[in-house]
Amino acid sequence: MAFMKKYLLPILGLFMAYYYYSANEEFRPEMLQGKKVIVTGASKGIGREMAYHLAKMGAHVVVTARSKETLQKVVSHCLELGAASAHYIAGTMEDMTFAEQFVAQAGKLMGGLDMLILNHITNTSLNLFHDDIHHVRKSMEVNFLSYVVLTVAALPMLKQSNGSIVVVSSLAGKVAYPMVAAYSASKFALDGFFSSIRKEYSVSRVNVSITLCVLGLIDTETAMKAVSGIVHMQAAPKEECALEIIKGGALRQEEVYYDSSLWTTLLIRNPCRKILEFLYSTSYNMDRFINK
């Protein structure tokens, strides 16, 4: 009890105050003007809407997805909206060699990189899991491993620009849902990996921010088709969702929550996790790794 009064309760109070009352810098569209941004999974849905928002803000954008024809239309519209420049590189994130080469090509097209927005996923349908190991492997490779490959390839440029990594995830990566086991596993993996390296970047003074975006049901065509007749809940608008993701990345927030339900946002935020992470971090001696 004495320990709680002396240490734990004050720490809890500080974290609660920080978590709920700390004010971020107000977002301004000009924060993205002239910035060099990659958006993956940008041929439709949230990715396409992010590309359009960035174009309106005057950013340089390079988009990628599998469909060359659709990407051509996205790039054309980005230029109409006022993008400083817009390019596409078509390919599949099932191919890790493509993922690595894509970043290098995008950086060359823009002359550097300020923000990497990781948004692509493999096709997912709602179903009970039985024995489809192939689908689990594919989900982990596309939804998780390719994100790591892209991040590793982009990091040298992001270090030079003090840039940002924006990781689009899901409530299914924070809370267990039925019928999405493989998808959920890949999204939980994103949280574990990127939250861990965020701590490492902080300790080793790597000035690259990582924003994890935790999304609920969004009214994209793909999502609406997948949940039709199965899930009965209100979907949030993809246009507004895309803007909130960009805002979170520009403001270098650790996490962005976007969902149609206020209660979801309130319940999913977990200050106790932050306290545990802080307490555990004090037990590590990382100097031997940082000073190599």
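Yeah, the Cβs are placed from backbone N, Cα and C, and that goes for glycine too.
Lifted from Swiss-Prot, the feature list:
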TOPO_DOM  1-7  topological domain 'Cytoplasmic'
TRANSMEM  8-24  transmembrane segment
TOPO_DOM  25-292  topological domain 'Lumenal'
BINDING   41-67, 92-93, 119-121, 183-187, 218-222  NADP(+) binding site
CARBOHYD  N123  N-linked glycosylation site
CARBOHYD  N162  N-linked glycosylation site
BINDING   S170  substrate binding site
ACT_SITE  Y183  active site, proton acceptor
CARBOHYD  N207  N-linked glycosylation site
Q. Where G41 (NADP(+) binding site) and N123 (N-linked glycosylation site) are concerned, what is their Cα separation in Å, rounded?
A. 12
Q: Mind giving me a neighbour count for N207 (N-linked glycosylation site)? Other Cβ atoms within 10 Å of its Cβ, every protein chain shown.
A: 13
Q | the residue listed as 'substrate binding site' and H53 (NADP(+) binding site), Cα-Cα, nearest whole angstrom | A | 21
Q. So of all those recorded positions, H120, N123, N162, which one's Cα sits nearest to Y183 (active site, proton acceptor)?
A. N123
Q) So how many other Cβ atoms are close to N162 (N-linked glycosylation site), meaning within 10 Å of its Cβ? A) 12
Q: Among the binding-site residues listed here (G41, G47), identify the one with the smallest other-Cβ count within 10 Å.
A: G41
